[in-house]
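Working notes, beginning with the structure itself.
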(Lines of atoms letter the chains of each structure in order from A and count residues from 1; the text may use other names and numbers.)
(Lines give C-alpha, C1' and ligand atoms only; values in the text may rest on other atoms or scores of the structure.)
Protein backbone atom coordinates (compact mmCIF):
# COMPACT_ATOMS: atom_id res chain seq x y z
CA UNK A 1 0.00 0.00 0.00
CA UNK A 2 2.82 2.35 0.81
CA UNK A 3 4.41 1.71 -2.58
CA UNK A 4 1.06 2.31 -4.23
CA UNK A 5 0.64 5.67 -2.48
CA UNK A 6 4.20 6.82 -3.19
CA UNK A 7 3.90 5.95 -6.86
CA UNK A 8 0.88 8.24 -7.31
CA UNK A 9 3.32 11.09 -7.95
CA UNK A 10 4.58 9.36 -11.11
CA UNK A 11 3.50 10.65 -14.53
CA UNK A 12 0.05 9.77 -15.80
CA UNK A 13 1.44 7.44 -18.47
CA UNK A 14 2.74 4.78 -16.09
CA UNK A 15 -0.32 3.48 -14.25
CA UNK A 16 0.61 -0.08 -15.26
CA UNK A 17 4.02 0.36 -13.62
CA UNK A 18 2.40 1.71 -10.46
CA UNK A 19 0.11 -1.29 -10.33
CA UNK A 20 3.01 -3.69 -10.84
CA UNK A 21 4.88 -1.97 -7.99
CA UNK A 22 1.85 -2.25 -5.70
CA UNK A 23 0.86 -5.84 -6.47
CA UNK A 24 4.21 -7.42 -7.36
CA UNK A 25 6.84 -5.20 -5.71
CA UNK A 26 9.75 -7.56 -6.49
CA UNK A 27 8.98 -7.87 -10.22
CA UNK A 28 12.12 -5.99 -11.30
CA UNK A 29 14.50 -8.29 -9.38
CA UNK A 30 16.05 -11.43 -10.94
CA UNK A 31 14.38 -14.46 -9.39
CA UNK A 32 17.39 -15.55 -7.30
CA UNK A 33 17.47 -12.09 -5.73
CA UNK A 34 13.75 -12.35 -4.96
CA UNK A 35 14.44 -15.60 -3.09
CA UNK A 36 17.22 -13.93 -1.10
CA UNK A 37 14.93 -11.05 -0.12
CA UNK A 38 12.37 -13.56 1.13
CA UNK A 39 14.98 -15.58 3.00
CA UNK A 40 16.03 -12.46 4.90
CA UNK A 41 12.43 -11.60 5.77
CA UNK A 42 11.80 -15.13 7.11
CA UNK A 43 15.06 -14.98 9.08
CA UNK A 44 13.85 -11.80 10.79
CA UNK A 45 10.55 -13.49 11.65
CA UNK A 46 12.37 -16.38 13.33
CA UNK A 47 14.61 -13.91 15.19
CA UNK A 48 11.49 -12.11 16.44
CA UNK A 49 9.95 -15.40 17.55
CA UNK A 50 13.15 -16.30 19.42
CA UNK A 51 13.10 -12.93 21.21
CA UNK A 52 9.43 -13.26 22.11
CA UNK A 53 10.02 -16.77 23.48
CA UNK A 54 12.95 -15.44 25.55
CA UNK A 55 10.54 -12.92 27.08
CA UNK A 56 8.39 -15.87 28.17
CA UNK A 57 11.40 -17.40 29.89
CA UNK A 58 12.04 -19.98 27.16
CA UNK A 59 15.63 -20.42 25.99
CA UNK A 60 15.04 -20.42 22.23
CA UNK A 61 18.16 -18.73 20.89
CA UNK A 62 19.89 -20.80 18.22
CA UNK A 63 22.80 -19.78 15.93
CA UNK A 64 22.06 -16.44 14.28
CA UNK A 65 19.53 -15.55 16.96
CA UNK A 66 16.90 -17.80 15.33
CA UNK A 67 14.41 -19.95 17.21
CA UNK A 68 15.24 -22.95 14.99
CA UNK A 69 17.25 -23.77 11.83
CA UNK A 70 16.01 -22.04 8.67
CA UNK A 71 16.40 -23.78 5.31
CA UNK A 72 16.79 -21.85 2.02
CA UNK A 73 13.58 -20.70 0.32
CA UNK A 74 12.21 -23.46 -1.91
CA UNK A 75 11.65 -21.86 -5.34
CA UNK A 76 8.38 -21.99 -7.26
CA UNK A 77 8.47 -24.29 -10.31
CA UNK A 78 6.58 -21.56 -12.23
CA UNK A 79 7.54 -17.90 -11.86
CA UNK A 80 5.16 -16.03 -14.20
CA UNK A 81 1.40 -16.45 -14.57
CA UNK A 82 1.28 -18.99 -11.75
CA UNK A 83 -1.95 -17.83 -10.09
CA UNK A 84 -4.91 -20.20 -10.47
CA UNK A 85 -7.29 -17.67 -8.88
CA UNK A 86 -7.55 -13.90 -9.43
CA UNK A 87 -10.03 -11.40 -8.02
CA UNK A 88 -10.68 -8.30 -10.12
CA UNK A 89 -12.42 -5.18 -8.83
CA UNK A 90 -14.70 -2.77 -10.66
CA UNK A 91 -14.05 0.92 -10.08
CA UNK A 92 -12.97 4.19 -11.68
CA UNK A 93 -9.96 3.81 -13.96
CA UNK A 94 -7.17 6.30 -14.77
CA UNK A 95 -9.28 7.63 -17.66
CA UNK A 96 -12.31 8.13 -15.39
CA UNK A 97 -14.21 5.09 -16.69
CA UNK A 98 -16.26 3.89 -13.67
CA UNK A 99 -16.54 0.43 -15.24
CA UNK A 100 -12.84 -0.40 -15.34
CA UNK A 101 -12.08 -4.02 -14.36
CA UNK A 102 -8.69 -4.45 -12.73
CA UNK A 103 -6.72 -4.12 -9.50
CA UNK A 104 -6.39 -1.21 -7.10
CA UNK A 105 -3.68 1.40 -6.79
CA UNK A 106 -4.17 3.60 -3.73
CA UNK A 107 -6.22 3.08 -0.57
CA UNK A 108 -9.82 3.56 0.46
CA UNK A 109 -8.69 5.35 3.61
CA UNK A 110 -6.97 8.07 1.59
CA UNK A 111 -9.73 8.06 -1.02
CA UNK A 112 -7.24 7.86 -3.87
CA UNK A 113 -8.20 4.45 -5.29
CA UNK A 114 -7.72 3.99 -9.01
CA UNK A 115 -8.64 0.71 -10.72
CA UNK A 116 -5.97 -0.26 -13.25
CA UNK A 117 -6.18 -3.06 -15.81
CA UNK A 118 -3.91 -5.96 -14.84
CA UNK A 119 -2.56 -6.61 -18.35
CA UNK A 120 1.06 -6.11 -17.28
CA UNK A 121 0.96 -7.91 -13.91
CA UNK A 122 3.32 -10.86 -14.21
CA UNK A 123 1.80 -13.29 -11.71
CA UNK A 124 -1.65 -13.30 -13.39
CA UNK A 125 -2.07 -15.71 -16.34
CA UNK A 126 -3.28 -14.48 -19.72
CA UNK A 127 -6.56 -16.43 -19.44
CA UNK A 128 -7.53 -14.44 -16.33
CA UNK A 129 -6.70 -11.18 -18.08
CA UNK A 130 -8.80 -12.24 -21.08
CA UNK A 131 -11.87 -12.97 -18.93
CA UNK A 132 -11.42 -9.65 -17.08
CA UNK A 133 -11.27 -7.76 -20.39
CA UNK A 134 -14.43 -9.47 -21.63
CA UNK A 135 -16.24 -8.73 -18.38
CA UNK A 136 -15.31 -5.06 -18.73
CA UNK A 137 -16.65 -5.06 -22.28
CA UNK A 138 -19.90 -6.58 -21.05
CA UNK A 139 -20.53 -4.13 -18.19
CA UNK A 140 -19.57 -1.18 -20.41
CA UNK A 141 -22.38 -2.25 -22.77
CA UNK A 142 -24.81 -2.65 -19.86
CA UNK A 143 -27.16 0.25 -19.00
CA UNK A 144 -26.71 -0.67 -15.31
CA UNK A 145 -24.01 1.19 -13.35
CA UNK A 146 -21.10 -0.39 -11.57
CA UNK A 147 -21.41 -0.61 -7.79
CA UNK A 148 -18.51 1.33 -6.34
CA UNK A 149 -20.08 2.38 -3.02
CA UNK A 150 -23.02 0.26 -1.87
CA UNK A 151 -25.07 3.19 -0.55
CA UNK A 152 -24.71 5.10 -3.84
CA UNK A 153 -26.37 2.36 -5.90
CA UNK A 154 -25.05 0.52 -8.93
CA UNK A 155 -24.88 -3.19 -9.56
CA UNK A 156 -21.83 -4.68 -11.31
CA UNK A 157 -19.15 -5.68 -8.85
CA UNK A 158 -16.08 -7.88 -8.70
CA UNK A 159 -15.06 -10.81 -10.88
CA UNK A 160 -13.27 -13.96 -9.69
CA UNK A 161 -11.52 -16.17 -12.24
CA UNK A 162 -10.29 -19.67 -11.37
CA UNK A 163 -8.34 -21.91 -13.75
CA UNK A 164 -6.71 -25.34 -13.60
CA UNK A 165 -3.86 -27.06 -15.40
CA UNK A 166 -6.47 -29.15 -17.22
CA UNK A 167 -7.63 -26.04 -19.09
CA UNK A 168 -10.79 -25.44 -17.05
CA UNK A 169 -11.93 -21.84 -16.44
CA UNK A 170 -14.52 -20.71 -13.88
CA UNK A 171 -15.81 -17.12 -13.75
CA UNK A 172 -17.82 -15.78 -10.81
CA UNK A 173 -19.56 -12.41 -11.17
CA UNK A 174 -20.71 -10.56 -8.05
CA UNK A 175 -23.77 -8.33 -8.45
CA UNK A 176 -25.48 -5.96 -6.00
CA UNK A 177 -29.24 -6.35 -6.55
CA UNK A 178 -30.14 -3.00 -4.89
CA UNK A 179 -33.91 -2.67 -5.49
CA UNK A 180 -34.18 -4.88 -8.59
CA UNK A 181 -37.00 -7.40 -8.68
CA UNK A 182 -36.67 -11.07 -9.67
CA UNK A 183 -37.70 -10.41 -13.29
CA UNK A 184 -35.07 -7.70 -13.75
CA UNK A 185 -32.44 -9.92 -12.11
CA UNK A 186 -33.36 -12.79 -14.43
CA UNK A 187 -32.87 -10.47 -17.41
CA UNK A 188 -29.36 -9.49 -16.28
CA UNK A 189 -28.39 -13.11 -15.71
CA UNK A 190 -29.66 -14.05 -19.17
CA UNK A 191 -27.69 -11.21 -20.80
CA UNK A 192 -24.52 -12.19 -18.95
CA UNK A 193 -24.90 -15.83 -19.98
CA UNK A 194 -25.59 -14.88 -23.60
CA UNK A 195 -22.49 -12.65 -23.74
CA UNK A 196 -20.16 -15.39 -22.47
CA UNK A 197 -21.72 -18.25 -24.45
CA UNK A 198 -22.80 -16.68 -27.74
CA UNK A 199 -21.34 -13.17 -27.73
CA UNK A 200 -17.80 -11.73 -27.61
CA UNK A 201 -17.15 -13.44 -24.27
CA UNK A 202 -17.44 -16.89 -25.90
CA UNK A 203 -13.74 -16.56 -26.75
CA UNK A 204 -13.04 -17.28 -23.05
CA UNK A 205 -14.48 -20.81 -23.43
CA UNK A 206 -15.72 -20.83 -19.83
CA UNK A 207 -16.16 -24.20 -18.14
CA UNK A 208 -18.39 -22.59 -15.49
CA UNK A 209 -20.12 -19.22 -15.19
CA UNK A 210 -21.47 -18.30 -11.76
CA UNK A 211 -23.51 -15.32 -10.53
CA UNK A 212 -23.83 -14.19 -6.93
CA UNK A 213 -26.19 -11.53 -5.61
CA UNK A 214 -24.34 -9.90 -2.74
CA UNK A 215 -25.19 -6.96 -0.49
CA UNK A 216 -21.98 -7.42 1.53
CA UNK A 217 -18.30 -7.09 0.72
CA UNK A 218 -17.91 -10.89 0.93
CA UNK A 219 -20.70 -13.46 0.95
CA UNK A 220 -20.41 -17.18 1.57
CA UNK A 221 -22.51 -19.65 -0.41
CA UNK A 222 -24.66 -20.13 2.68
CA UNK A 223 -25.34 -16.38 2.94
CA UNK A 224 -26.04 -15.92 -0.76
CA UNK A 225 -25.88 -19.00 -3.02
CA UNK A 226 -23.64 -19.08 -6.07
CA UNK A 227 -25.99 -19.44 -9.04
CA UNK A 228 -24.68 -21.52 -11.95
CA UNK A 229 -25.62 -19.74 -15.19
CA UNK A 230 -23.65 -21.92 -17.60
CA UNK A 231 -21.50 -25.03 -17.75
CA UNK A 232 -20.32 -27.47 -15.10
CA UNK A 233 -20.77 -26.83 -11.37
CA UNK A 234 -17.10 -27.61 -10.66
CA UNK A 235 -13.66 -27.42 -12.21
CA UNK A 236 -11.04 -30.12 -11.70
CA UNK A 237 -7.35 -30.11 -10.91
CA UNK A 238 -4.69 -32.82 -10.73
CA UNK A 239 -2.23 -32.77 -7.85
CA UNK A 240 0.29 -35.46 -6.88
CA UNK A 241 -1.51 -38.05 -8.99
CA UNK A 242 -4.94 -37.30 -7.49
CA UNK A 243 -7.93 -35.47 -8.97
CA UNK A 244 -9.55 -32.64 -7.02
CA UNK A 245 -12.95 -31.02 -7.51
CA UNK A 246 -13.11 -27.28 -6.85
CA UNK A 247 -16.25 -25.31 -5.96
CA UNK A 248 -16.56 -21.51 -6.42
CA UNK A 249 -15.59 -20.59 -2.84
CA UNK A 250 -13.42 -23.57 -1.88
CA UNK A 251 -9.84 -22.88 -0.77
CA UNK A 252 -7.14 -24.24 -3.06
CA UNK A 253 -3.48 -23.17 -2.96
CA UNK A 254 -3.14 -20.32 -5.48
CA UNK A 255 0.03 -21.79 -7.03
CA UNK A 256 -0.72 -25.37 -8.11
CA UNK A 257 2.83 -26.30 -9.14
CA UNK A 258 4.17 -24.80 -5.92
CA UNK A 259 1.53 -26.67 -3.91
CA UNK A 260 2.83 -30.00 -5.21
CA UNK A 261 6.32 -29.18 -3.93
CA UNK A 262 4.92 -27.93 -0.62
CA UNK A 263 2.74 -30.99 0.01
CA UNK A 264 5.56 -33.41 -0.84
CA UNK A 265 7.72 -31.67 1.78
CA UNK A 266 4.88 -31.73 4.32
CA UNK A 267 4.61 -35.48 3.77
CA UNK A 268 8.29 -35.94 4.57
CA UNK A 269 8.18 -33.67 7.63
CA UNK A 270 5.18 -35.52 9.11
CA UNK A 271 7.33 -38.65 9.50
CA UNK A 272 4.07 -40.56 9.42
CA UNK A 273 3.98 -44.33 9.76
CA UNK A 274 1.26 -46.85 9.02
CA UNK A 275 -0.38 -46.38 12.42
CA UNK A 276 -0.31 -42.55 12.40
CA UNK A 277 -3.52 -40.53 12.39
CA UNK A 278 -3.23 -37.25 10.50
CA UNK A 279 -5.26 -34.30 11.75
CA UNK A 280 -5.75 -31.85 8.85
CA UNK A 281 -7.04 -28.58 10.33
CA UNK A 282 -8.42 -25.95 7.90
CA UNK A 283 -8.30 -28.67 5.26
CA UNK A 284 -10.09 -26.89 2.40
CA UNK A 285 -10.88 -29.40 -0.35
CA UNK A 286 -8.75 -32.00 1.43
CA UNK A 287 -5.61 -31.65 -0.67
CA UNK A 288 -3.05 -32.17 2.11
CA UNK A 289 -4.83 -35.00 3.90
CA UNK A 290 -5.74 -36.87 0.73
CA UNK A 291 -2.24 -36.57 -0.69
CA UNK A 292 -0.86 -38.15 2.51
CA UNK A 293 -3.66 -40.68 3.09
CA UNK A 294 -1.60 -43.56 1.68
CA UNK A 295 1.07 -42.98 4.36
CA UNK A 296 -1.21 -43.00 7.41
CA UNK A 297 -3.92 -45.15 8.95
CA UNK A 298 -6.50 -42.36 9.00
CA UNK A 299 -7.03 -38.71 8.04
CA UNK A 300 -9.39 -36.44 10.02
CA UNK A 301 -10.10 -33.12 8.27
CA UNK A 302 -11.80 -30.01 9.69
CA UNK A 303 -13.05 -27.16 7.49
CA UNK A 304 -15.51 -24.28 7.95
CA UNK A 305 -16.63 -23.98 4.28
CA UNK A 306 -19.42 -26.50 3.74
CA UNK A 307 -18.94 -26.73 -0.02
CA UNK A 308 -15.22 -27.37 0.44
CA UNK A 309 -16.03 -30.34 2.69
CA UNK A 310 -18.43 -31.65 0.04
CA UNK A 311 -15.55 -31.36 -2.43
CA UNK A 312 -13.18 -33.12 -0.02
CA UNK A 313 -15.59 -36.03 0.42
CA UNK A 314 -16.10 -36.28 -3.34
CA UNK A 315 -12.34 -36.13 -3.88
CA UNK A 316 -11.79 -38.98 -1.43
CA UNK A 317 -14.46 -41.16 -3.04
CA UNK A 318 -13.39 -40.41 -6.62
CA UNK A 319 -9.75 -41.23 -5.86
CA UNK A 320 -10.69 -44.44 -4.04
CA UNK A 321 -9.46 -43.19 -0.66
CA UNK A 322 -11.48 -44.69 2.19
CA UNK A 323 -9.46 -43.76 5.30
CA UNK A 324 -10.54 -40.09 5.47
CA UNK A 325 -13.31 -38.36 7.37
CA UNK A 326 -14.15 -34.65 7.13
CA UNK A 327 -15.98 -32.46 9.63
CA UNK A 328 -17.77 -29.20 8.77
CA UNK A 329 -17.63 -26.25 11.13
CA UNK A 330 -15.35 -23.71 12.73
CA UNK A 331 -12.20 -25.42 13.95
CA UNK A 332 -12.61 -23.82 17.39
CA UNK A 333 -16.02 -25.50 17.71
CA UNK A 334 -15.26 -28.88 16.11
CA UNK A 335 -11.70 -29.65 17.22
CA UNK A 336 -12.09 -29.45 21.03
CA UNK A 337 -14.97 -31.95 20.79
CA UNK A 338 -12.95 -34.26 18.56
CA UNK A 339 -9.92 -34.23 20.87
CA UNK A 340 -11.53 -33.87 24.31
CA UNK A 341 -11.93 -37.60 24.82
CA UNK A 342 -8.99 -38.70 22.67
CA UNK A 343 -7.23 -41.51 24.45
CA UNK A 344 -6.11 -43.40 21.36
CA UNK A 345 -2.83 -45.26 21.51
CA UNK A 346 -2.08 -44.31 17.90
CA UNK A 347 0.19 -41.28 17.35
CA UNK A 348 -1.46 -38.10 16.11
CA UNK A 349 0.29 -35.69 13.72
CA UNK A 350 -1.41 -32.33 13.18
CA UNK A 351 -1.13 -30.15 10.08
CA UNK A 352 -2.69 -26.68 10.28
CA UNK A 353 -3.06 -24.38 7.29
CA UNK A 354 -5.16 -21.42 8.50
CA UNK A 355 -6.00 -18.16 6.79
CA UNK A 356 -4.08 -14.98 7.60
CA UNK A 357 -6.25 -14.61 10.70
CA UNK A 358 -4.45 -17.60 12.23
CA UNK A 359 -5.95 -20.20 14.55
CA UNK A 360 -8.55 -19.42 17.20
CA UNK A 361 -7.14 -19.71 20.71
CA UNK A 362 -9.50 -22.62 21.47
CA UNK A 363 -7.92 -24.57 18.58
CA UNK A 364 -4.40 -24.00 19.96
CA UNK A 365 -5.61 -24.97 23.43
CA UNK A 366 -7.19 -28.20 22.12
CA UNK A 367 -3.94 -29.11 20.35
CA UNK A 368 -1.83 -28.31 23.44
CA UNK A 369 -4.10 -30.29 25.75
CA UNK A 370 -4.15 -33.40 23.53
CA UNK A 371 -1.13 -35.39 24.73
CA UNK A 372 -1.22 -37.68 21.69
CA UNK A 373 -0.14 -34.83 19.38
CA UNK A 374 3.65 -34.83 19.52
CA UNK A 375 4.32 -33.35 16.09
CA UNK A 376 2.69 -30.28 14.51
CA UNK A 377 3.22 -28.65 11.13
CA UNK A 378 2.04 -25.05 10.92
CA UNK A 379 1.75 -23.71 7.34
CA UNK A 380 1.43 -19.93 7.34
CA UNK A 381 1.06 -17.46 4.48
CA UNK A 382 1.66 -14.58 6.91
CA UNK A 383 3.91 -15.77 9.77
CA UNK A 384 4.63 -12.23 10.93
CA UNK A 385 0.91 -11.61 11.57
CA UNK A 386 -1.59 -13.47 13.76
CA UNK A 387 0.35 -16.71 13.25
CA UNK A 388 3.06 -15.29 15.53
CA UNK A 389 0.47 -15.20 18.35
CA UNK A 390 -0.26 -18.89 17.66
CA UNK A 391 3.45 -19.79 17.74
CA UNK A 392 3.78 -18.21 21.18
CA UNK A 393 0.62 -19.94 22.44
CA UNK A 394 1.96 -23.29 21.27
CA UNK A 395 5.33 -22.80 22.99
CA UNK A 396 4.51 -20.89 26.19
CA UNK A 397 4.61 -22.58 29.63
CA UNK A 398 1.37 -24.19 30.89
CA UNK A 399 -1.11 -21.64 32.24
CA UNK A 400 -4.03 -22.89 34.37
CA UNK A 401 -5.78 -19.50 34.10
CA UNK A 402 -6.04 -19.98 30.34
CA UNK A 403 -6.85 -23.70 30.69
CA UNK A 404 -3.57 -24.40 28.94
CA UNK A 405 -2.40 -27.56 30.68
CA UNK A 406 -0.54 -29.42 27.97
CA UNK A 407 3.20 -29.66 27.58
CA UNK A 408 4.56 -26.88 25.35
CA UNK A 409 5.82 -27.41 21.82
CA UNK A 410 9.18 -26.21 20.55
CA UNK A 411 10.02 -25.04 17.00
CA UNK A 412 12.64 -27.36 15.46
CA UNK A 413 12.76 -26.51 11.74
CA UNK A 414 11.52 -23.79 9.35
CA UNK A 415 11.23 -24.13 5.58
CA UNK A 416 9.96 -21.19 3.44
CA UNK A 417 8.26 -21.96 0.12
CA UNK A 418 7.94 -19.30 -2.56
CA UNK A 419 4.30 -19.73 -3.52
CA UNK A 420 4.03 -16.09 -4.63
CA UNK A 421 6.89 -15.03 -6.98
CA UNK A 422 7.28 -11.26 -7.60
CA UNK A 423 5.51 -10.46 -4.29
CA UNK A 424 7.03 -10.10 -0.83
CA UNK A 425 4.93 -12.99 0.49
CA UNK A 426 6.16 -16.45 1.37
CA UNK A 427 4.60 -19.64 2.73
CA UNK A 428 6.44 -20.70 5.88
CA UNK A 429 6.27 -24.27 7.15
CA UNK A 430 7.24 -24.40 10.82
CA UNK A 431 7.71 -27.80 12.45
CA UNK A 432 6.92 -28.04 16.18
CA UNK A 433 7.56 -31.09 18.37
CA UNK A 434 7.25 -31.98 22.04
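Placed from the backbone N, Cα and C atoms, the Cβ positions cover glycine too.
TrEMBL does not curate its annotations; it predicts them automatically.
The active site, nucleophile annotation in TrEMBL covers 381. Its Cβ taken as reference, residue 381 (active site, nucleophile) is surrounded by 19 other Cβ atoms within 10 Å in the chains shown.
Among the features that TrEMBL reports, S-adenosyl-L-methionine binding site is placed at 253, 303, 353. Long-range Cβ contacts of residue 303 (S-adenosyl-L-methionine binding site) within its own chain (separation 6+, distance under 8 Å): 282, 283, 284, 286, 309, 312, 326, 327, 328.
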Checking the binding-site residues 253, 353 for other Cβ atoms within 10 Å of each Cβ, the smallest tally belongs to 353
Same-chain shell around S-adenosyl-L-methionine excluding 253, 303, 353, C-beta within 8 angstroms of the CB centroid, reads 251, 252, 282, 283, 284, 285, 287, 288, 379
Rounded to the nearest Å, what's the C-alpha distance separating residue 381 (active site, nucleophile) and residue 253 (S-adenosyl-L-methionine binding site)? Just drop the number here, would you? 10
